[in-house]
Amino acid sequence: MCVKSLFSTQLKRRVDTKWREYLSISSEITPAWRCLYKPPIPKRSGDLHIYDLAFRPDGSQLIVAAGNRVLVYDTADGTLIQPLKGHKDTVYCVAYAKDGKRFASGSADKSIIIWTSKLEGILKYTHNDSIQCVAYNPVTHQLASCSSGDFGLWSPEQKSVSKHKVSSKITCCGWTNDGQYLALGMMNGVVSIRNKNGEEKVKIERPGGSSSPIWSIAWNPSKTGLMFFNESRGMCHTGLCVCFRDEHNDILAVADWGQRLSFYQLSGKQMGKDRQLNFDPCCVSFFSKGEYIVMGGSDKQASLYTKDGVRLGTIGEQSSWVWTCRVKPDSNYVVRHLSIVAKLNVIFTYYCIVLRIKCRELVKKIAIYRSRLAIQLPEKILIYELHSDDSSDMHYRVKEKICKRFECNLLVVCSQHIILCQEKRLQCLSFTAVREKEWLMESLIRYIKVIGGPSGREGLLVGLKNGAILKIFVDNPFAITLLKQNTSVRCLDMSTSRSKLAVVDEHNTCLVYDINTKELLFQEPNANSVAWNTQCEDMLCFSGSGYLNIKASNFPVHQQKLQGFVVGYNGSKIFCLHVYSMAAVEVPQSAPMYQYLERRMFQEAYQIACLGVTDNDWKDLATEALEGLDFHTAKKAFIRVRDLRYLELINSIEERKKRGESNNQLFLADVYAYQGKFHEAAKLYRKTENTEKISFYLSKNVFVMKDFLGSADPKDTKLLMKKQADWAKNSKEPRAAADMYLTAGEHMKAIEIIGEHGWMDMLIDLARKLDKAEREPLSRCAVFFKKFNHHGYAAEIYNKMGDLKALVQLHVDARHWDEAFSLVEKHSQFRDDVYVPYAQWLAEHDRFEEAQRAFHKAGRQAEAVRVLEQLTHNAVVESRFNDASYYYWMLSMQCLDIAREKKEEMLKKFHSFQHLAELYHVYHSVHRYMSEPFSSNMPEILFNISRFLFHNLTRDAPMGISKVDTLYALAKQSKLLGAYKVARHAFEKLQGLKIPSRYQDSMELSCLTVRSKPYRDSEDLIPMCYRCSTNNPLLNNQGNSCINCRQPFIYSASSYEVLPLVEFYLEDDISDEEAVSLIDLEVPRVQTNSSWQEMSKSQCLRMDDGTEDPEDDPFTAKLSFEQGGRAFVPVLVNRAVLRSMSRRDVLIKRWPRPLSWQYYRSLLPDVSITMCPSCFQMFHSEDYELLVLQHNCCPYCRRPIDEPS
């Protein structure tokens, strides 16, 4: 509840509130204060008060703040999708993010809940007071939440909400369109504009101060600024209005309880004057395009306003205050407080679109006639006239104002009068509001139109509901009946000669009458409006059922799709009104022109063509008229297309006609000859017995020579066909030329013509008919197929020719790699021709790992290694240490593959890269722990990883691996797990390194606190050697080996715990295959004697046949070694020991040559251990299975789980 004092002078003119009823205050008590309140929530179930609404950006859902729940509705049918429970008190506000992925709700329980689009709550945070409003940044996911004493800014990138105190209660908020600034409306009448960090940039102090609290604000979503006009003139002329468009400023609408609506720029400058509202506004909402505003409040209704604050009308009324109303995105739907979703068809027009005349009031009707324009407003009629006689100058000025309210159904304007239609009555008024004439009809007037006439004596065409059609002159009190039909009139129009009348009746039928004879000329169905062409007497158009119909004379109707009503037809332009937009559609008159041409009505076709047709239509008209010997029409048409050749022909024919020639067949033969129709020309010349013309064309045309002379000798047939083909080619008849070349056996010439014109069907037929020995034509066909991307046909030709190299190159050029690989499998000699371009193509498309494998398959080892080295370097530089580990492992395997040729050098690189791969694999977890706020690893795992890495780091750490991060991670986890001795040692090591400033304070504090702890390590963390059972210190000077027996520890590649594995070696005379076969036997252990033997070069523990004392087992016996000083003694086994082993207890790393296999025995068979068959890394089986399920591959070498071993 918010309470504020008001001046007594303001209280006198205000409507008393509902609190008098709620508090049972008598009328004798006058209020000295006023409550700005949200009415109490009714206690009845199902009658919850709605405080806020929000649409999903795509308009598919509506979020409603109702009681202590958030209701989600489907806007398609209004059904409730789901009520959301999460708040403990009344929900005051809701807001949807711009991308539609989440929305937020704020409640009186001081909490904000963020929900996903799947209606799941994902985050909740609180303020110190009840939440008043929330708003999402339209560009990012930053959320502004406002309470009574502060506001908060939160985004997913932040760990906490940044809150900022304010001096007054915040009532509303809103982001600018670019998301850079947030406007806050406050109870003290101040609008504070803040940046994204919460810093105040602009402060707008409204007149009235705390007596006029800001209750609602909204930014105009349109980029276009508002337009303000001079109040005294109400028109848009130079010097009388201010129109601006500022791309860098948004427009803020501010509504306060001083009952005013104002507009401000981002800079805080007010635009125009305050608009008085006469009610307390509670909500302001813009339409999606910013053209209209919806506002509601204490007047208990939702009202529509223009974008500059002019009231247009009421959308809906309520029985209580309207606290919120919202517009559905990109639509005309409006939702208001406590109402069903209702559609608002915005047909309000507050300016007349002729020149865009600003009327600043609701326009009820408009009428236009020649230079006059009449606009009916609620309380007056404005009469405009054109500013000049120039038809291109569309500037209007006010001629007269009739300041009187009129109720009428129809309005038309003439040069000196306006005509008002009310039911059956027509009134003729002068521009000074003097009623001069009145006509009373026998039926309701359905349609009225001005059909022209002298000034002051214009004629009107009137259609009645009873089917009567009348003509009325404004200076004549008597109406003239033109005709009477049985059905009601919907639309009328009269032809330009006043001889034909078109009527659309109530059955949507268009009827055309002869006015003089009253005869029905024709009728057409599916019409809702009709208009005659003002430039062509015999042409009209009508619309209906989503189609535009054009009818010329008595020809069939030509249709095309068009929505709306036809209101005018001038030349080739049809004016169509659809909803509230007027469009001028340019319609080519080709269809009616061809209808006239079919009947050889060339003059009429020419008249239609003059209305607007294409150049090709003009050429067709000219040609048809010329062949029809209408030389006058043909000449005008050829002039249009500027064809000088035919104009010379027509001029020559006209000259011959002047000299007395009159043989039309001879003229037509000349026309055919000009058109290249030599057969027809020759026939006509023969009929006219014009031997001179015949001999001339016979000498020019071999077709005529063959057809008419019949002199082609069989021996000269081929030569004749070549001449015919050459002539056809020169005459631009390529298809005929190609056929003739094929007949003459000139395959190459035919292929060139066919290929140049892209006739692929013809080319493939030819290629299939050619013999495989004709390699040159076939190759040329293949070239054209490649050019036009018909690679299948080209491959067919190369297969026919047996040219495998060309076929491989074709697949490579077309990037058909699968086909190329299948060829390489059958013909390995083309391996380099395929894999090298394939690798280069992969590298160009940033698929470097695949490119590396392709180089490797192609035998280009240097390129393969170079690609991998570059990938590795990039991964380290970009801190992608997991990728770096994988690339180093691939490099090591590449070196091992090459080691068969360069053994010593490559084996050295192999071991180096294997070591680096393991270091980067371990450091990946340390780096993530130090750089990310949360870690998925347990403290014990991080401790083991840090300790392993510390033991392996030499003086020069590999590039990208930080000793500081390693030691600090080790120190933090040691302190956490109770290994205080290790922690103190790590902090001492850190003192000798350069510490980043971000760690300095926390590191010094941790270093001090760890000194207060006992100088010892937790016994639970001490690692034990599984060979000699010696407990090893956490920090070992031997590194990752036992301090007693020097046995190297085998670590799990996931948790880096010591695995119960001991490596053993075979005697020299035992091969790997024999060892595996002996282990697979699983013979019970034979009693053996064990003794020390001195070898020539090293000390070995040899297991011989002798006793069956289990203590002599080299895997279980605890050996008495002194710590330090003594060399490592490997476990060497013979055949008997191998036979005694269980296959389940032995793990074998089967390295490829030249490396030897490695053998490990598990001393704790109950501990399940899994080894990757590709990288040979060891894991606890449970850890390995979990990681494989997460990544679908080995976490170390990325081997897919479905790949065979």
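Placement of Cβ uses the backbone N, Cα and C atoms for every residue, glycine included.
According to TrEMBL, the domain 'IFT122 first beta-propeller' annotation covers 49-227 (among others).
The domain 'IFT122 first beta-propeller' annotation in TrEMBL covers 246-335 (among others). Computed over the domain 'IFT122 first beta-propeller' (246-335), the whole-number mean pLDDT of the model equals 86.
For 355-582, the entry in TrEMBL reads domain 'IFT122 second beta-propeller'.
Marked as domain 'Intraflagellar transport protein 122 homolog TPR' by TrEMBL: 589-965.
Taken from TrEMBL, the feature domain 'IFT122 zinc ribbon' covers 1018-1062. Residues in the domain 'IFT122 zinc ribbon' (1018-1062) partition by DSSP class (helix H, G, I; strand E, B; coil) as 3 helix, 8 strand, 34 coil.
The repeat 'WD' feature in TrEMBL is assigned to 84-115. Here the repeat 'WD' (84-115) has long-range neighbours at 38, 41, 49, 51-58, 63-72, 121-139, 141, 143, 145, 147, 152, 154, meaning same-chain residues at least 6 beyond its ends whose C-beta is under 8 angstroms from one of its own.
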* Asked: By DSSP, how many residues in the domain 'IFT122 first beta-propeller' (246-335) are helix, how many strand, and how many coil?
  -> 0 helix, 46 strand, 44 coil
* Asked: Looking only at the repeat 'WD' (84-115), what are its DSSP counts of helix, strand and coil residues?
  -> 0 helix, 19 strand, 13 coil
